[in-house]
Amino acid sequence: MEQNGPQEPEQNDSEERTKKKVLMLGLGGSGKSSILQAIQMNHMKVADGEMTPEPTEGFHSHPCTILLSVGGSEKMRKYWADFIQDCDILVYVVDAASDGESLKLAGEELQHILDDPGLDSVPLILLANKQDLNDAQKPHDVLEALHLKPESLENRLVHEIGTEVRHDNEAIGLGSFETILAEL
Ligand SMILES: Nc1nc2c(ncn2[C@@H]2O[C@H](COP(=O)(O)OP(=O)(O)OP(=O)(O)O)[C@@H](O)[C@H]2O)c(=O)[nH]1
Ligand SMILES: [Mg+2]
């Protein structure tokens, strides 16, 4: 196909391979897209404050990280397993204010993923999102409510972080999330 616009810069494959691949999963409506958007907005705010001529690139193209989020509807969950190849860090987002049934389902879906041998010993970051809501459970209680097999957690690093994203993209907890990501 004929290209009118400027040529895309050639992708440096070896550079891409050194980036950590972070897979973000979670049931539909848990807040994955909101979290990604808030992270991108925060990076741009930093760029504005520093009078950088161009906005800082969003989290998707963070220098050391490729963050991939996959939809969590029932239809999309069938494809989760297709994305876990070469995943270095798994991020699981849970609506901490959801009812017992939804937490149970969130736990079953995560257990299914953790049972995949490809994810053996891959670190897990649990984001207990929607902490702003009155009935939100604390991160550790959310982890307990997922009823994961103890052996699934024994052989991997697990971090639990409470997060909240407001409509104006004001976000709490994402700073700790990014710090942990950078350290893993
Ligand atoms: N109160 C509150 N609402 C949130 C928070 N995070 C996300 N939401 C809301 O929850 C709804 C679902 O958020 P999304 O970010 O679309 O969820 P998702 O995980 O990307 O959902 P799928 O793409 O369907 O898998 C939206 O209405 C968000 O505004 C939060 O921390 N607190
Ligand atoms: Mg989404």
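Using N, Cα and C of the backbone, Cβ positions are placed for all residues, glycine too.
TrEMBL labels come from automatic prediction, so no person has curated them.
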Among Gly72, Gly100, which residue shares the GTP site with Gly26, Leu27, Gly28, Gly29, Ser30, Gly31, Lys32, Ser33, Asn129, Lys130, Gln131, Asp132 according to TrEMBL?
Gly72
Cα-to-Cα gap, Lys130 (GTP binding site) vs Ser33 (Mg(2+) binding site), nearest whole Å
13
Reduced DSSP state (H/G/I helix, E/B strand, rest coil) at Ser33 (Mg(2+) binding site) is helix
Counting Cβ atoms within 10 Å across all protein chains shown, which of the binding-site residues Ser30, Ser33 comes out on top?
Ser30
Where's the emptiest Cβ shell within 10 Å among the binding-site residues Gly26, Lys32, Gly72, Lys130, Asp132?
Asp132
Which same-chain residues, if any, lie at least 6 apart from Gly28 (GTP binding site) yet have Cβ under 8 Å of it:
Gly71, Gly72, Ser73, Glu74, Met76
Compute the C-alpha separation of Ser33 (Mg(2+) binding site) from Asp132 (GTP binding site), stating it in Å without decimals.
17
